[in-house]
Amino acid sequence: MRRLHQSLFLTRMQWSQYINSAAYIHLPRPPFPGALLSHTQSLPISPLCHSCCHCSGCSNSNNNNNNNNNNNNNNKSNNKTNNKTNNTNNKNNTNNNNNNNNNNNNNDTNKTDTTAKEDKTFIGGTLIQSLQHSQPPRGSGIQPLLEYNRQWASKVVELNPDYFKTLAEAQFPQYLWIGCSDSRVPANEIIGLLPGEVFVHRNIANIVSNADLNVLSVLQYAIACLKVEHVIVTGHYGCGGVKAALEGVSVGLADHWILHVNSVKRRFWKRIERLPQKYHLDVLCELNVITQVSHVLDTQLMAQAWDEKNVSGGNPTVELHGWVFGLDDGLLRPLLSLDRNTDHAKAITEAEEAVFVRYGLHAQS
């Protein structure tokens, strides 16, 4: 269990540093965990730059046009100055030692060097993150995705020519991730692992149901065939499925699926309603994760994995974990961990009680 914390929780810290970079606008986290805050994404600027009026390039072009109309001589002078500046910038980018001329160019060069070093290390999700693109505008079709894929594959081969050959041979993941389908919670990127290093199953509200052959098949294959060492159920704050259950909103066909979360709400509602309303969704998201962990625990697959005969036969012992992901800060928060020697009923009860304690409700009050 300690190895899991040392490996994955270090990489999630790296992920948190990434999303707090200039690529995102990060808002302060409230005193209690989990309030959903939106991130503002920068829009890609078209090379044609048709009168969008959103980028500084357009504003500069308009200003230059006005200057052209007022004074052609000044425009020629500005062009010469710009050419000299561009030449200086190119020299600075070519040689880092010439950094005394322009501090801004130094910063850009240092960022480029850092990115290059990260790419060359080829560690975990760093490569995936460094090759991400802005989402194409709606109506663009799927062609941009195919182009992004070609660029990604080309870059990977450039950095590691044998990567895809090795990837095609087999997969040896140590972890099974059971998470939510929400597009903001991608498993590999969050824990900083590359393709082939984590086996993933996702559905709305990260549900584990003994009536769902899909998730049971994933569990069976991951435990019996892939020999994963850790099963991780991961929810997230602001989950739409949990919110629908909390508010009693009908969402159509998915209503039947969300009944699983409704049962969690009914079980804990008398205590949840005593908390300030602003914490209700966060609390239910955490309690839902703990409940789904208990559902994994109840499967015959886990019983077999923890059976004394299986362990004595040299098969790896599976550990079971429940985490919750913060969309507003990029951090994973462990709610509970179980192994074959844990008092499972006690651990689950303590984890449930800890949720209410965190939000100010104590001792089954």
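For all residues, glycine too, the Cβ spot is worked out from N, Cα and C.
The region 'Disordered' annotation in TrEMBL covers 66-115.
For 66-109, the entry in TrEMBL reads compositional bias 'Low complexity'.
The Zn(2+) binding site annotation in TrEMBL covers Cys180, Asp182, His236, Cys239. DSSP gives Cys180 (Zn(2+) binding site) a strand state.
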**Fill in**
CB neighbours within 10 A of Cys180 (Zn(2+) binding site), counting all protein chains shown, number 25
**Fill in**
Around the Cβ of Cys239 (Zn(2+) binding site), other Cβ atoms found within 10 Å total 30
**Fill in**
binding-site residues considered: Asp182, His236; fewest surrounding Cβ atoms within 10 Å belongs to Asp182
**Fill in**
Reduced DSSP state (H/G/I helix, E/B strand, rest coil) at Cys239 (Zn(2+) binding site) is coil
